[in-house]
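J.: Before I ask anything, here is the structure I am working with.
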Amino acid sequence: MAKLLLLLLLSRGLYAIEIPLDLKQPPTITKQSVKDHIVDPRDSAVVECEAKGNPMPVFSWRRNGKFFNPGRDPRVSMRRRSGTLDIAFYSGLDPEDYEGEYQCFATNDFGSAVSNKILLRVSKSPVWPKEFLEPVAVNQGLPLVLPCDPPPSVPPPHIFWMNSLEDRRLTVGLNGDLYFSSITVNDTRTTYSCNARFAQTIQQKSPYTIKVLTRNEKKIETMALLIDCWFHSAARLVAESVPSFLFPKGTASSKVVLRGKPLILMCIAAGVPTPTITWSKKVGDLPRRKLRLENFNKTLRITSMSDDNAGDYICTASNRMGATSHTITVRVQATPYWANKPENLVLTSEDNGKLICRANGIPKPTIQWLVNGEPVDSKQVAGDTLILRSVQIGDSAVYQCNASNEHGYLLANAFISIQGELVKVMENNRTFLYCPFFGSPLPELRWFKDGQIVGRDGGHYKAYTNGTLEVRHARLDDQGTYTCVANNRLGKAENQARLEVKEPTRITRPPEHLRAIRGSTARFECRAKHDPTLPITVTWKRNGRLLVLEDDFLAISSVRREDEGNYTCTVRTELDRASASARLVVLDRPDPPTDLELSDPTERSIRITWTPGNDNHSPTKEYLVQYEEDYWEPGRWKNLSSYPGNLNSVILPLSPFINYQFRVYAINAIGWSKPSRPSQRYQTSGAAPDAVPGNIRGVGTWKTRMEIRWEPLEDTQRNGPHLRYIVWWRRRDSREEWKNITTYWLRHIIYDTDTFTPYEIKVQAVNDFGLGPESNVVIGYSGEDRPIAAPTNLRVSKTDSTKATVHWTPVPSKTIMGLLKEYKVYYWRESSQLKWLSVSREKKSKGFNVTGPQPWGVLTGLVPYSNYKMHMVVANSRYEGPASSTVEFQTKEGVPAPPRFFRIQQRHMDTLYLDWDRPAEPNGILTGYTLKYQVGVYPFMSWSSEPLSESKQGIWLNVTVATFTPLFVRFLTSSKALLYICVCVLYFQMEAYTREQVDIATQGWFIGVMCAIALLVVILLIVCFIKKSRGGKYPVRDKKDLPLDPVDQKDQDGSFDYRDEDNKPLQGSQMSLDGMVKMQESDDSLVDYGEGGDGQFNEDGSFIGQYAGRKDRDENEGNLGSEATSPVSPLYSLA
């Protein structure tokens, strides 16, 4: 009746209860390590985590907030049916690698419980670095502090000083430093050593040496009998002083201590005599029951702090010279502690509930709610309360409450257990709903679904007498809530179970069989369809071994042979699973052949047999046999021959007199195998050479010499030792006997030959076994000499502006004294047909490799309208012959070169002054220029043109343009043939003028002023000329402010002669080409700029910047500006 009674109580509401483990329930953490877990590196570390639950929880860990898999680390193991970790520290492992923050998760079907965050630290015994400490010299009576400064460690070390007993004057501070309230002569010592006891070792700091300086050391005689008296007198000579604090500094400080923790306050004072320390509290009395004064009252210790122990503690140091005080403000704070710790809660379906989490502390803790280790929806939280509404079967979970402040945190787990079984079943499978009951009298039990009784009328339901309901071939419409009701005359109890019918899992895209080349990437895919409410896990196995991978595809990069096998993909849900398999075949280069065996030897062949290696799923297409010989090139393997892949025994062709060793490669579509192991060696017998030397030739090196050359036989063609060559020669078409010589070299020189005479040549190889075959006869020639005749009848038959056709009569072949190479013409530009134009007479040449009775050639690249001269020589492979007679010819007129420059010299509101220079190469007689311009948007406006005479090099252009309108000017020149040769495009913007604006250059007053200025300049020039013409000398002091020119000639009387100054330019000035000072010129040249140029202009019409590639200006350029008729021209002359 107990279990039935339990169900009855569950139906009446909610309550906190300890659920027996035989009932299904979420996990509960039962044991865990402390939050700050320090372990000894000499032992194994144990991080505890135990939990209970039904079903048994599964444990997992996070380290530093990330998932930690102990199974991947061979040094870490997790105990069976427990979450406790054992970390084995052994040789070769750094224990610090495992330091971090660990958190344990215990999970079953109803939720996850979470442990505290366990900070695992390894105790350390650091090495105290060696240091050299200078002796400390201090005057008697002064205070002194000797620092200890031990290296940091876990846990902190215990500090003590050797040979330093604490008394009223000596104190070891809380930080380990040694304090002297005052120094006496007795403190002179060399053994002040700080010691630190670490976790495993005790280490010592280098000792200090103290030397005490006294004021009367020189006045007291050093006698052994008076030593004690000297000490006492020295002590009495020390000046007394008012107390001052060495620790803590100043007059006030503060300290925070946690509730329940001990409080330790220390005051260390300096002074002579040694001060006495007393303690008091500013408000109230000292807590005498918990208080203890130590170390001559310098240390105040309270064993356990409470809130009423907070306040101002006053430390007073006094001696007969006075007193001083220090106030320490002590504030008591607290780590979080529970006021209402959340408790487990058991609910039934549709119930409401709440979990309360209240914690106190100083400062006030903040509350954070988690569910199964993850943050909860903020809508469920109201302050420190978690509200649950209308819970359903399946809502069971473990909630965590974290209360934290700056001093620490509390973590509590509380589960919500929803009574009523949740049963999940796959479609078309059978399942059972259990409802155990008992009572007296024996109760009657019935099952209901949606208010309708089930299990009595048969069908696919069957009710058993023990309370179990069987559902055969579950369908989707069987899903819902089932209620079992048990009643007898004493009462009624009921329980619920929810049935969920799930869609079965099936693989829709199984992995396919793959053939992959070694080193490539193989990829299997495994797509599945499953019930959306059931999470799935995908696992892969290779040949039955689990692979650490959970994804619907498997990618194998850099495939190896070891990766070959059967791959199985398994898709699992909590209710079912589906699997599919595929095979991976790795294609690789074949394995090398083995067991090479030589048989059937002959003078020129041998049979080799081998055992084929594994072809690694790619048939062998070919075998390559290589050989190595140990005489000519030992260690170098060369290809001998190749054979089809279906053979494993072949006959190898061999050469005589070679000590062979063989190896075999197998080749398939993937590549070459490694070479087989070498075979045993086989030495063939010697024979006469059976090959002839190659590339035999006779070359003339001098007019009376011929050098015979050939290429040597290969090492495998020698066929025997002492290879040498027999060289044969004789003149062609003669009845001379063959001459010969035997040599080891690869050439032979024949002397005293006729010039360029043909010889018949042949070469024969010979060794110790006999003569080889003779080579074919080759014709060679002796050396060439300088040609002795020149071409005749050199003439030009046809010319145009840049070409000329040349004809000549060839020389007799005997006079060439060698092999004809070419007829070479040397030509140069003698002058231009324009008498005033100077030219370069650079000599050029062109060769014609032509034969026949009437040879001819064409000279190209000539300059139009020029006078040329030329002569011709004949050349063989070595020399050039004498020159022919010189011939003159002229080229016709051609297209003129562009003008040297074209620019805007001056501009006004409706006029432009343009100037230009004639072309550098007129290429004929210039007949005129054509100037074209357009106003408007280029290129859509038509061009206006204006013909100009050849002598004109400046023009005023009258144009009417709108404000800020672009003006394009195209300039062209022409020869007699009216050929256009230059196009220049100018782009600028006109200044904007209103109708009231008047051009200042047209105003009468401006013209008058300019005329007056010009008149004054003329008068000044006349005065200067008269003064200069009166005499050629004047004293130096008249021009003492002028710098002396190095070429100035000084007379003996200290004056200079300036009579020839007219012939010298002024210092710092430049002389124009025509002897006149140039007018200020614009740099706005557009030479070398074609149409479409977008050069920028300033408002005055000049270009901004300089342009590279500018042509050299002609000597007449300086006079161009003088032709301007603008009223502002005088300004330029004044400049």
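From the backbone N, Cα and C atoms, a Cβ is placed for every residue, glycine too.
Just so you know, TrEMBL annotations never went through curation; they're auto-generated.
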J.: Looking at 564-615, 1084-1135, which one is region 'Disordered' according to TrEMBL?
T.: 1084-1135
J.: Would you say the domain 'Fibronectin type-III' (692-785) and the domain 'Ig-like' (336-417) are touching, if the rule is that at least three C-beta pairs must lie under 8 angstroms and be 6 or more residues apart?
T.: no
J.: Rank 129-211, 419-500, 692-785 by Cβ pairs under 8 Å to the domain 'Ig-like' (243-331) and hand me the top one.
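T.: Out of the listed stretches, 129-211 contacts the domain 'Ig-like' (243-331) most.
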J.: Quick check on the domain 'Fibronectin type-III' (592-687): DSSP residue counts for helix, strand, coil, in that order please.
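T.: Result for the domain 'Fibronectin type-III' (592-687), in helix, strand, coil order: 0 helix, 48 strand, 48 coil.
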J.: If you average the pLDDT over the domain 'Ig-like' (243-331), what number do you get?
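T.: 93, rounded to a whole number.
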J.: I'd like the per-state residue tally for the domain 'Ig-like' (336-417) from DSSP, helix first, then strand, then coil.
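T.: Breakdown, helix to coil: 3 helix, 51 strand, 28 coil.
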